[in-house]
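Below is one structure, written out as C-alpha cells; comments come after it.
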C-alpha cells in the first residue's frame, strides 16, 4: 500500500500492442506520465536502432522550427501560445508536416537571399547617385585646372593638389594646353581614405589630382547600409598605364569603382536613370519585406503547436526504439515500470489509444515477476516537491525504503530557523515567499536559472520564514531588539537601599553593575512567559547567558534528531522483515546513544531545573568528561546523590554495546553458514554425485571464506562509524549555536552602525538622515542578513539533514523513476 | 506635460517596497520611542550631564526619547511621500508599457 512515508510499490509489466496503434498508445501513456519504459535493446547503439531515421527527421524538423522562431524574433512577430492539448499525428501526418516545414524553410531562405541582393544593389545605386552629385563640383574644378594654371584656392572640400606637377613635369608639356586628363571615380570607406591617399602619393609622386567628399548620411542610407561612413573620391590622372595601377590600388583598398561619363549631359542622364532605378528597387524591397512578414505571421500562428507536436513525436520514436519489434513486424513488445496502484489507469489509457488508432485488438498487459530493483517513485504535489528534490539531491532512496521527506518538511525549516532566529527578518522572508508563490507562473517565463531555483523552493522559503518568526519570538530578537510583551521578570529598583546593596554613589563609581537574583525582589521568581527575557537585550553580559543557552539547546536538538533517525531505521527493519537486525543493530545502537548522549541531555535538563549558586555549579562538560574517564575525585562536583553509581553503570553499558555491534552479527552469519555446509556435506555423502560436486563445493567454501572476512570488515567499519560518529555528529550540531550567534551579532552591528547613527541625531536634520540611513539599513539587511545568512543557514541545515540525520538510517542507493511524460518534456524544453 | 517618468519599472517597484517597509518600521519605532521603551535606551542620544541628580533627570531623558520619536514619525511621513511618488512611477510605467504594445 502506498503511503507518504515510503516510495510506491512498482511492478514490471509487459505490453503487447499492434504496430498501427503504437503511436496512439504511447502518446496516451505519455500524456499520463506514469510509466517508465525499460530499454529492451541495451546492446544496440543509437545508430543501429530501428527508428533512428525517424528520430533524425524529427531533429531536422526541430532545427527548421528553431530557424523559423529566430526569424520571427528578428522581425518582431509575436508567436501565439497554444492552450489545448493537441493530438499527436501518426506516421502519415509526419510526412505532411515534414514537407510543410521544408517548403517554409526554402521559401524563407530564398526571400532572405533576394532581400540581401536587392539591398546590395540599392547600396550601389545610392553610392553612384551620391558620386554623381558630388563629382559635379570636382569636374568643374578640373576644367578650371586645365584652363588656369594658378594653384586653386582652399575651400571646404579638402584637396590634394600636387603643386609639384609643374616642377616635375618635363618641360615638354605644361598645364595649359590640351592635356587629356582621365579620371577614376569611386567610393571608399572613410576610415581607409588617409591610407589610400598616402599610398597614391608614394606611387605617383603627386602626378594626380585627388578630390574626396563625405557622403551625407541620410536616414535611409543608414537604414540600408548601416552606420559605415563612406567617401566619394575622384582621381584625375594622365595616361593609361597609370589608370591600371590606380585601379589595382583601389581594389586593394576595397574601394568600389564606378564608371562615370565624361560629359555633363551624359552624367545628367545617368543620374536620372539611377534615380528611377532606386525608386523601383525601394518598392521591390518594401514588397519583399511585406511578403516575408506575411509568411512569418502565417507560420507564427502554428509554430508553437508544431513545436510541441514534433517534440512529442521525437519522444514517441525514442520510446519505440526501446521496445522490441516482433518478427512478423505486427507486434510491439514493451516492458514498463508502473506503480501498482495505477495499473488500471494505464490499462484504460492503452485501450483508449488503441481505439483511436482504429485497431481491433486491445493491447495486452502482462505483469511479470522480477528480481530487478524497481525505480523509486515518490508521489509529490507542488508543496512536497521541493522537499523531495532536496532529499533526492543527496541520494535517491532505495526501493521502498522509508522516505525522509515528510519529516524534512518540518525539521528542515525548523533547524534553519534555529540558525536564523529573527522575527523581523523572518517576516520579510515570509512576505517575499508569499509574493513569489502568487507570481510563480509569471516568473517561470523568465527562464533564468536563479529564478527557476527560487520558484522550485518557494514553499520551502515560506516555511523557513514562518518558522523563523517563531524562533525569533523565542530568542526575542526582532532586528536585534527585543519585545517586552509580558513584562520582564527582572527588576532593578530592589537592588537599591533599603532592599539591596546599592547606593546612589554606587552609580557614580562603577560603569557596570550586576543584578543579584538572590536579593529579594530583583528576580520575580517566575520566568518570562515565552522566550528570552527582554532584559538580556540591554545587559552587557548577554552573550555569556545566550551562548550557554544556545549551546545546550543545540546539543539537545541534535541528539533528539539523531535518536529520531535511529528509530526510523527500526521502521525500515520492520518493513523489510529483518527482525534479526532489530536486535543486533537497532537495540545496541539505541542503548549506546541513550546511555551516553541521552544521559547528557538529562544532565542539561536537570541542571536547568534545579537552583544552584553560579559560583559552585559544576560544568556539564567536565561532568561528562569525568564520567568517561571514571574520575570521581572531587566529590562536591556532583549534581545529585547516586550520580556516581548511575554514571558508572551507563558507561559500562555503552562500552558493552560496542562488541555486540561489532561481533554478534558476523558470528551468527558464520554459524549459519557452518550449519548449512554440514547439512550439504551430509547430503552429498548420502548421494553419490562424486567429485565434481565436491570440487564445486570447495570453490563455494573459498568464496565463503573471503566473504566472511568482508563481512567482519564491513561490520567493523559500521560500528566504528556509528560510535565515533555519535560524538562527532553531536558536536556538529553545535553549528546551530554558531550560526545563530553570527546572525544575531551581524544584526546588532548593522543596527548600531547604520540606523543608530541616524537615531542619535537629535536636531531637525535627524529625520532626513534617518530616511537615508534607513534605506541603507534596509538594503544591507536584505543583502547581508537575508540573502547571505539565509543561504548559509540553508546550506548548514541541509548538511545536518544529509549527513548527521540520514546516515543513521538512510541507504539512498535507488534510482529515480523517470516516466515518459509529455508535460515535463514540454516544460523543460521551453 | 513633460515626461514625469524618471525611473524604470524595477527602480519604482523597489522604491515602493522600501517605502512601505520604511513607513511601517519607522512608525512603530516612533511609537516605541514615545512610549519610552527601555529596550531602546542605547539609541537615545543622552549625555552624562542629563543624568545628574535632580528632579529633571528623568524628564530630560523622556524629552530626548520624545525627540527621537518625533524624528522617526517625520521620517515615516517622508517615506509616505516617497511611497506615493514610487506608486505614481509604477503606474506611469505600466501605462507606457500598454501604449507601446
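Glycine is no exception: its Cβ is also placed from the backbone N, Cα and C atoms.
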Match it up for me: which of A:747-767, A:768-788, A:789-809 does TrEMBL list as transmembrane segment?
A:768-788
Given a Cβ distance threshold of under 8 angstroms, which distant residues of the chain, six or more beyond its ends, lie next to the transmembrane segment (A:768-788)?
422, 425, 428-429, 479, 743, 746-747, 750-751, 754-755, 757-759, 761
Compute the average pLDDT of the predicted model within the coiled coil (A:94-128).
86
Could you name the stretch, out of A:414-437, A:555-576, A:646-668, with the greatest number of CB pairs under 8 A to the transmembrane segment (A:457-475)?
A:414-437
